[in-house]
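Student: First, the structure itself, so that you have it in front of you.
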């Protein structure tokens, strides 16, 4: 009986080291996290207004995961949940942070105004008002882009 058990164990160990059971290569998994992107905002889903050649190439040569969802509607808690593997409510990250706060220690109004101007400059918020005034939000569409270009051209013409 002991010889049969020993023979079985030795046989299983010999098979376990066999190249037939070896993994050829590790799987490649890419998780793409975007903000405010709909399911049809990529070329492989039929979108023509937004060029996404690299994402289209990945979709063509790989597997498309089209039945996913996020655990929170805001971007920051959703990303925190993805990175931590936990629900946001369990570690107190249920809303987007407010961003950089203006330093309350700035003693004068010009210093606070300078900080605010620096914040807006970092946002690159120049000439985006026409898109943001659209009731549907900052969607990239041809008519909105044309309207923005027309407003920009008109404002540059007035400056001269």
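Just so it is clear, glycine is given a Cβ too, placed from its N, Cα and C backbone atoms.
This is the feature table in TrEMBL:
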type: COMPBIAS; residues: 149-160; note: compositional bias 'Polar residues'
type: DOMAIN; residues: 27-103; note: domain 'Sulfatase N-terminal'
type: REGION; residues: 133-160; note: region 'Disordered'
type: SIGNAL; residues: 1-22; note: signal peptide
Student: Tally the residues of the domain 'Sulfatase N-terminal' (27-103) by DSSP class, grouping H, G and I as helix, E and B as strand, and everything else as coil.
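Tutor: When I sort the residues of the domain 'Sulfatase N-terminal' (27-103) into the three classes, I find 25 helix, 0 strand, 52 coil.
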Student: Over the span of the domain 'Sulfatase N-terminal' (27-103), how high is the average pLDDT in this prediction?
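Tutor: Averaging the confidence scores along the domain 'Sulfatase N-terminal' (27-103) gives 81.
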